[in-house]
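Undergrad: For reference, the structure I am asking about is given below.
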Amino acid sequence: MKSLHTICLLFIFVARGNSRSCDFCHNIGKDCDGYEQECSSPEDVCGKVFLEISSASLSVRTVHKNCFSSSICKLGQIDVNIGHHSYIRGRVNCCEKEPCEDQPFPGLPLSRPNGYYCPGALGLFTEDSTEYEAICHGTETKCINIVGHRYENFPGDITYNLKGCVSSCPLLSLSNATREENRNYLQKVECKDAIRLASL
């Protein structure tokens with residue numbers, strides 16, 4: 001699922017782009033109104049990132065419009081099972097010109113526990129979140145762990161930590177960390193095999 005970059009977009013909102021101009025905004029909900037800004041290399045297309053935190057029947061969605069590189073646009077989607085029946089999901093949608101069409105979230109797949117688990121955590125303002133057992137479902141046989149920082153004037157510097165089950169490990173190293181004028185820093189990216197649950 002070459003999509004680990006997409007998870008990072010939950011917190012780092014990607015870098016700016018090339019000689020074209022794109023809308024730039026962030027908001028809670030399905031859309032946002034912002035301002036147009038010129039992109040700088042190597043970003044060459046306009047895009048939207050849709051992010052969702054789902055827990056049982058409750059979900060919170062955000063939208064982020066920005067300039068993107070075409071490589072990020074190919075990442076598509078990611079679903080991270082962080083445990084306690086909760087998921088972090090991301091969708092990337094790019095276009096040659098505004099407005100970009102929305103890429104909707106399908107319903108979460110109904111799948112059974114598969115006998116594996118991963119450390120689960122979702123932490124903001126900390127890189128050492130309390131871990132709990134995230135029971136993996138369906139094809140989720142890998143564990144991810146991401147720690148990073150985003151530097152903001154308001155509400156201040158944000159440290160984040162994300163752990164959970166995913167279906168596969170994409171190729172990503174710290175050297176690929178996305179930056180936005182040095183405001184984003186990816187400190188840790190780990191992806192390992194999930195742990196088999198002990199038999200009763």
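Just so it is clear, glycine is given a Cβ too, placed from its N, Cα and C backbone atoms.
Per Swiss-Prot, the features are:
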type	residues	note
SIGNAL	1-19	signal peptide
DISULFID	C22-C46	disulfide bond
DISULFID	C25-C32	disulfide bond
DISULFID	C39-C67	disulfide bond
DISULFID	C73-C94	disulfide bond
DISULFID	C95-C100	disulfide bond
DISULFID	C118-C143	disulfide bond
DISULFID	C136-C165	disulfide bond
DISULFID	C169-C191	disulfide bond
CARBOHYD	N176	N-linked glycosylation site
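Describe the structural context of each listed feature in the structure shown, including burial, neighbouring residues and relevant distances.
TA: DSSP assigns C46 (disulfide bond) to a strand in the three-state reduction. Other C-beta atoms found within 10 angstroms of the C-beta of C46 (disulfide bond) number 26, with every protein chain shown included.
Neighbour list (C25 (disulfide bond), Cβ cut-off 8 Å, at least 6 residues apart, same chain): C32, D33, G34, Y35, V63, H64, K65.
The DSSP secondary structure for C39 (disulfide bond) is coil.
In this view, C94 (disulfide bond) is surrounded by 21 other Cβ atoms within 10 Å of its Cβ, with every protein chain counted.
Neighbour density for C118 (disulfide bond): within 10 A of its CB lie 28 other CB atoms from the protein chains shown.
With a cut-off of 8 Å between CB atoms and residues at least 6 apart in sequence, the same chain places V80, N81, G83, Y116, Y117, C118, G120, A134, I135, C136, H137, E140, T141, K142, C143, I144, A194 near C165 (disulfide bond), listed in sequence order. Following the DSSP three-state reduction, the secondary structure of C165 (disulfide bond) is strand.
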Undergrad: Taking the disulfide-bonded residues one at a time (C32, C95, C136, C143, C191), which has its Cβ surrounded by the most other Cβ atoms within 10 Å?
TA: C136
Undergrad: Quick check: in three-state DSSP terms, what is C118 (disulfide bond)?
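TA: Looking at the DSSP assignment, C118 (disulfide bond) belongs to a strand.
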Undergrad: At the level of the C-alpha atoms, what whole-angstrom distance separates C169 (disulfide bond) and C95 (disulfide bond)?
TA: 27
Undergrad: Could you give the Cα-Cα distance between C67 (disulfide bond) and C73 (disulfide bond), in whole Å?
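TA: Spelling it out, the Cα of C67 (disulfide bond) and the Cα of C73 (disulfide bond) are 10 Å apart.
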Undergrad: If we check Cα distances from C22 (disulfide bond), which of the disulfide-bonded residues C39, C73, C94, C95, C191 wins as closest?
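TA: Its closest listed neighbour, by Cα, is C39.
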